[in-house]
Amino acid sequence: MKVILLGAPGAGKGTQAQFIMHKFGIPQISTGDMFRAAIKEGTELGKQAKALMDQGKLVPDDLTVALVKDRIAQPDCAHGFLLDGFPRTIPQADALKDAGVKIDLVLEFDVADEVIVERMSGRRVHQPSGRTYHIIYNPPKVAGQDDITGEELITRADDKAETVLERLAVYHQQTKPLIAYYIAEAEKGNTRYERLDGTKPVEQVSAELANIFNQ
């Protein structure tokens, strides 16, 4: 099963990707991880990507698609893969299609912006240990303090409300058009499109995913 995950940052894609990987034995492919691996291995594509990144330039779509094609040709992808964080734009989706990569299933995690802001801006972290809390869903015993050490909890820069809103604006501008793109592809019979309510409890979303994969 070749799967694309769509959804705003904080919609729960990462949590459910872990569930799918463990339950169905499909590797998760993140373009960020791929670039890091290609650069570390010193592959030709890795060298090209590194040269651009070192200059602060964006890696062009054709190079990213070439890297994705390389990665999905590896033996662990024989039974499928999960693409997370790619494609992000319509040109990238077109490039993937033109490269002959057939997608079986597109999963959209649908969560309203205000819920995402509440989820992410409510996170608190104990930096030394990495323990995470949430002021509503998983509060520490004493507000602002780590349960074990009593040390101060912080809000990561990425989780601050204004940063979350900026990331959501980019998502709506760049990536949301992909939802219409893949719904149209599904209507043509080129893929299957499923929308999940990301506000439901994690276990419920996982159960719905298992049903989708078993259909």
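Glycine residues also receive a Cβ, built from the backbone N, Cα and C atoms like all the rest.
Predicted, not measured: the structure shown is a model, and the values here were computed from it.
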What range among 30-59, 60-89 does Swiss-Prot describe as region 'NMP'?
30-59
Closest of Thr31, Lys57, Phe86, Arg156 to Tyr133 (ATP binding site), Cα positions, binding-site residues only:
Arg156
Using Cβ atoms only, which residues of the same chain lie under 8 Å from Gly10 (ATP binding site) while being at least 6 residues apart in sequence?
Val111, Ile116, Arg119, Met120, Val164
Looking at the binding-site residues Lys57, Val59, Phe86, Arg88, Arg156, which ones sit with their CA no more than 10 Å from the CA of Arg123 (ATP binding site)?
Arg156
Between Gly12, Gly14, which of the binding-site residues has the fewest other CB atoms within 10 angstroms in the structure shown?
Gly14
For the region 'LID' (122-159), the number of residues DSSP places in helix, strand and coil:
3 helix, 12 strand, 23 coil
Candidates Arg123, Arg156: member of the binding-site residues with the richest Cβ shell (10 Å):
Arg123
